[in-house]
Amino acid sequence: LVAWAVGEFEYIETTTTKLEKPVTCRVYTLPGLKEQGRFALEITPRILEYFSKIFGTAYPLPKLDHLAVPDFDAGAMENWGLVTYRTVALLFDEKTSDLRFKEHVAATVAHEIAHQWFGNLVTMEWWDHLWLNEGFATWVGTLAVDHLFPEWDTWSTFVVDDMQRGIGLDSLRSSHPIEVPVNDPHEIHQIFDAISYSKGASVIRMLSNWLTVEVFLAGIRRYLKKHEYENATTDDLWNALSEESKVDVREFMNTWTRVIGVPILDVKEADGIVTVEQHRFLSTNDVKTEEDETVWWVPLGVYPKPVSILDANQTLKNRSLSFEAPDGPYLFNKNYGGVFRTNYPPSAIARIGKAILEGSDLVGLSDRAGLVADMASLSKSGHTATNNFLNLVQYYKNEETYVVWELLASRVGEIASIFAENERINQGIKLFQRSLLDRMVNKLGWEFPEGEDYLTSRLRNVILRSAGRAGHEATVAEAKRRFALFIADSANDSILHPSIRQTVFEIVLSQGGEDEFRHVLKYFHAAPKQDQQVIALLALGFVKQPELIAEVQALAISEHVRPQDIFYVLAGLAANHASRRPTWEWVKDNWTTLSNRYKSSMSMLGACVKYPLAQTSDKSLIDDVKDFFEHKDTKDFQRALDQAVEGLSINSAWVEREQQGLSEWLTANKY
C-alpha cells in the first residue's frame, strides 16, 4: 500500500536508537496540533524496536510517518512508511483528553506498525486470508502495548473487549468463518469485522498459548523470512508454525478458522464425576443437528488439573470427556485463553462464587471477567436462567478491578436496557445496580489525584457512568452540581475531569431538558479537539424529549458532524430507550440521504441499520425491517442487516422468556 499526502502540515520527529539502521519517526498534523502527537511519537520507536526483535526482521524503510487526517473513514490505514489515522486514533492531550483515548492511540499505533510486517512485508494472497493481516495485527499489537505498559493489564482488557466482540458475533447464524471465501467485490468490506479482527486475534492468542508464545514467535520468524516481499496464505503460516513446533498446527486450527461458530462446553456433575460435552453455541439457543457436526479441538484449561487428563494442553478432541470431580471449586478455561463459552451447573457456580467472595487465588482477574461474560451471554441465549447470572453477580460485591467492573456494569446494565419496556424489571434491576455500586461510588469519589494509577482512573468512570444510568441519587446530584460549575467556568478542568465529562453530560441530559441540551451542544460546537467533540456526540443522544431527539438526529447528517462520526451520534441514541424507535423511523425516513451519503462507505450504512436496533426488544420491528428492505439493494450491507434482524429476535425472545422469572427473583431479593 502506497500513500502520498499533500497539505499544510507540521511535524515532530524522533529516531530509533536500538536498530542497526536508525529509522526516522515523525507525526504529521495540521498546523497547531503537532504536540498532541507527542504520545504516539514516543511509543513509535519503542514498538518498531520491539517488533524488529520478536520478528527477527528489521523494519526495512528509513522512515515511518504517522499522519492525522481530520476526515477519515476508517480508524487507520497501514500504508507502507506513511500510516494515516483518524485524528482521535493518533492525537492525545494529557491535559484535556479522556484517558480511554490514550489506550486507543497506543493500540491503534501498535496495530498499524504490526501491519508493516503482516500486510506490507508479507501480503495476503487473496481476501479469504484477510484475517492473517487483521487478526495477527490485533494480537501482536496487544502484545506490544502490554510490553510497553504492563501496568495497564492489557490482556485482561482483551478478554473483556476483543474476545467478547468476536464470540458475540460468532454466536449468530449470520456470522462467517474466519477464512471466508470472497467471490464478489461487494463482500470484501463486509468482512472487516469482529470475526477477522477480534475472533482472529483470539484464536491466535489461543494457539500461541497452546504452542507457547516462544515457539509461536519462532514460527512467525520462519514465516516472515520465507515469504518476505511475497504473498502468503493461512496454510503457509500453519506450515511455518508446524515446522517450528513439530506439531500439526493445521489439525488444531482448521475448525477454528474454516468453520463458522464457536463451541459451548456443557458441564455436568454426577456421582463424583465431571462430564464436559461440546456443541455449537448459538445465541438463539436453537442449534439444529446439521449445524452441530463440528468437533473442535478445545484446550480445556481445567484448574486444578485433573490427574486423569494426561495431555499437558488438556485438548478435548472428541465430543465429550469425563474426569474425577475435585474436592473444592474448579475452573474451565483458566486465564480465559480458549475461545468458547462454559456452561457450569449451579453447584459449580456456587463453589466458584464462594471462592470469588473470599478472594481466593484460584479465580484470577481474567477468570472473574470471563465468568461474568459467559454467564451473562448464556442467560441472554437461554442456556441458563438470568437469575442464575444475577446470583453470580452477588458474589462480586468485594470486586475492585476496572476490567471486571467494566463487564459487570455493562452486562447488568444490558438487562435494564433490553427490558426497558417492562417497568417492574427495569426499575428493579436499577435498584439492584445501585446497591451493587454504592460502595464503589463512595470509595472512588469524583477527584482524580495526581499520580493515580491508570486503571483506577478508568474504573472511576465506569462506576460513575453505571451509577448515573441506574439513577443513583448522590451521583446524579453531584453530576448536576459539577455541570453547573463547569458551565460557569469551562476552562477549569478540575471541576469536570476529561475522563468523566461524557458521563456527566449523559446524566444531566437524561435528567434535564432544553437548557442542558443547549449547553452540551454549545460545548460540541466550541470544542477545539476531535476527541472532545466525540464525547459530546456520544452524550447528546441521551436526551428524553421528542423534539430534542429529532434535533440530535438532524445534527447527525448536518454539516457540523463529519460523515465518519455519525456512529457516535447513533450509539448515544441507541443507548437511550426513549430514542431507539424514533431513530429507526428516522433512518427509514432519511434512507435516500443516508445511502447517497455513504455510497462509498457501506460499513457506515450498515451501522445506520444496526445501531438503532441493537438494544431493542420489540418483536414487531423484525417484520418492519424486512418489509422496509424487501425491494432495496442490500448486497453491500447484507451481513449487517442479517445481524440486526437476528439480534432483534434474540432480544425479544429473551424478554418473552424471562419476564416472569426475573420479576419473581427481584421480588424475592427485595429489589
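Glycine residues also receive a Cβ, built from the backbone N, Cα and C atoms like all the rest.
TrEMBL does not curate its annotations; it predicts them automatically.
Residues or ranges marked as active site, proton acceptor in TrEMBL: Glu112. Sequence-distant contacts of Glu112 (active site, proton acceptor), defined by Cβ-Cβ distance under 8 angstroms and a gap of at least six in the same chain, are His66, Ala76, Met77, Glu78, Val83, Tyr85, Ala137.
In this view, Glu134 (Zn(2+) binding site) is surrounded by 25 other Cβ atoms within 10 Å of its Cβ, with every protein chain counted. The feature Zn(2+) binding site is assigned by TrEMBL to His111, His115, Glu134.
The feature domain 'Peptidase M1 membrane alanine aminopeptidase' is assigned by TrEMBL to 39-256.
The domain 'ERAP1-like C-terminal' annotation in TrEMBL covers 330-648.
Annotation for Tyr197 (site 'Transition state stabilizer'): spatial neighbours Glu134, Gly135, Thr138, Asp162, Arg165, Gly166, criterion Cβ-Cβ under 8 Å with sequence separation of six or more. Annotated site 'Transition state stabilizer' per TrEMBL: Tyr197, in sequence order.
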Taking every residue in the domain 'ERAP1-like C-terminal' (330-648), what is their average pLDDT?
95
Quick check on the binding-site residues: of His111, His115, whose CB has the lowest count of neighbouring CB atoms inside 10 Å?
His115
